[in-house]
């Protein structure tokens, strides 16, 4: 298979966390273009299905405007049972999410979709990670909400920040919880691109 330059790759996301994770494994996409799509879940849509649909929709939206590029779409979803916890739009929503997750296990689904030029091939991988938070005190909830670290985070969770001390255990991929499963992403991209880890 012909190996290509990373200049031919578009990341369909403006997430600083995902950009940093890609740089961690020496991947710098040629372009970074966020996709403007409708992110509302469908009625009775399961978290995994939603994550896959969002990653695919982001990649397809960007590739429709850039058909000659490879496009990487990614989506991370926090779920408590079958309930999808979206990004909190205000502190009240963030508080509901944090109280729901307090003392409970939840799942983080991150889907990665790689489209080859003209959508000739489509590769999708989904990683599921189980996380359990300690039971939070009222003071901990208050401090976390005041920090505003919940902003622009799936389920209002930022385990790279203050919420990291809430984690009793994590089973799965830490990088996936942050926003990009590095192992799966590396395996997908290494089939097409020439880059070195070292």
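Yeah, the Cβs are placed from backbone N, Cα and C, and that goes for glycine too.
Copied from Swiss-Prot, the annotated features are:
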| type | residues | note |
| --- | --- | --- |
| ACT_SITE | 75 | active site, proton acceptor |
| SITE | 17 | site 'Important for substrate specificity' |
| SITE | 76 | site 'Important for substrate specificity' |
| SITE | 160 | site 'Important for substrate specificity' |
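Location within the structure of each feature annotated in Swiss-Prot.
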{"residue": "17", "record": "site 'Important for substrate specificity'", "CB count, 10 Å": "17"}
{"residue": "75", "record": "active site, proton acceptor", "CB count, 10 Å": "27"}
{"residue": "76", "record": "site 'Important for substrate specificity'", "CB count, 10 Å": "27"}
{"residue": "160", "record": "site 'Important for substrate specificity'", "CB count, 10 Å": "15"}
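Separation of the C-alpha atoms of residue 76 (site 'Important for substrate specificity') and residue 17 (site 'Important for substrate specificity'): 12 Å, rounded to the nearest whole number.
In the three-state DSSP classification, residue 76 (site 'Important for substrate specificity') falls within a strand. In this structure, the CA atom of the residue listed as 'active site, proton acceptor' is 18 Å away from the CA atom of residue 160 (site 'Important for substrate specificity'). Calculated from their C-alpha atoms, the gap between residue 160 (site 'Important for substrate specificity') and residue 17 (site 'Important for substrate specificity') amounts to 10 Å.
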